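Okay, structure first, notes after.
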Amino acid sequence: MGLSRVRAVFFDLDNTLIDTAGASRRGMLEVIKLLQSKYHYKEEAEIICDKVQVKLSKECFHPYSTCITDVRTSHWEEAIQETKGGADNRKLAEECYFLWKSTRLQHMILADDVKAMLTELRKEVRLLLLTNGDRQTQREKIEACACQSYFDAIVIGGEQKEEKPAPSIFYHCCDLLGVQPGDCVMVGDTLETDIQGGLNAGLKATVWINKSGRVPLTSSPMPHYMVSSVLELPALLQSIDCKVSMSV
């Protein structure tokens, strides 16, 4: 880490600032209710949702040649077919997908304490939102949680040539804010993208949000700092700046 004070903080979005996993679970529960009440599925409803969750976790597509709506509707169509058999049911798949999507967007909320933290931090440093993912999906999340006004810039991996952990997207963020990598801190919940990316780009520090308290594998990227909540960040940044002051 360099000897300059922190001038900018890059935040991940999903499961760092908003509870994407929790919102997705709520969406799945609504689909289960739909399948059980309207279509009289029993245990198959949960099996279908479990299959979709696996497909989402392994999702890989080219954003310039494939529509995320088509990809994710197909996840539901395949899961229904694999579970129930019979003819493909695109209409039911679409109903499930849009219910899941709309429900989870309703629950993607920027909590009041997070808003307050961002507001206070922005008085001292520049803030940038750096999120991987499909352009449409991430823009919808940003709109849903209404976080635009808390940041000086927003960068979405799906709109760039490379996503986290590629150094190039971090350098692009630095250019947008007029800062150097050694001035910046990356905050996120994913070691392989947020932390590894910050390390690759030579940022001043990386902060891992480890809500579950899990112990990282020895082969995993090692963050400079680890906290259980993003709300611990202001105190941590003060500590980092104090170390700089003592070193100068």
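Quick reminder: no glycine exception, Cβ is built from N, Cα and C everywhere.
If you look up Swiss-Prot, you'll see D12, D14, D189 marked as Mg(2+) binding site. Long-range Cβ neighbours of D14 (Mg(2+) binding site) (same chain, at least 6 residues apart, Cβ-Cβ under 8 Å): T20, A21, T131, G133, K141, D189. DSSP classifies D14 (Mg(2+) binding site) as strand under the three-state reduction.
What Swiss-Prot records for L13, D14, T131, N132, K164 is phosphate binding site.
Compute the center of the Cβ atoms of L13, D14, T131, N132, K164, which mark the site for phosphate; besides them, the chain residues with Cβ within 8 Å of that center are D12, T16, L130, G133, Q138, I156, G157, G188, T193, D194. Taking a C-beta cut-off of under 8 angstroms and a sequence separation of 6 or more, D12 (Mg(2+) binding site) has the following same-chain neighbours: L130, T131, M186, V187, G188, D189, T190, T193, D194, I209. Other than D12, D14, D189, the residues of this chain whose Cβ falls within 8 Å of the Cβ centroid of the Mg(2+) site are, in sequence order, L13, N15, T16, L17, T20, T131, G188, T190, D194, I209.
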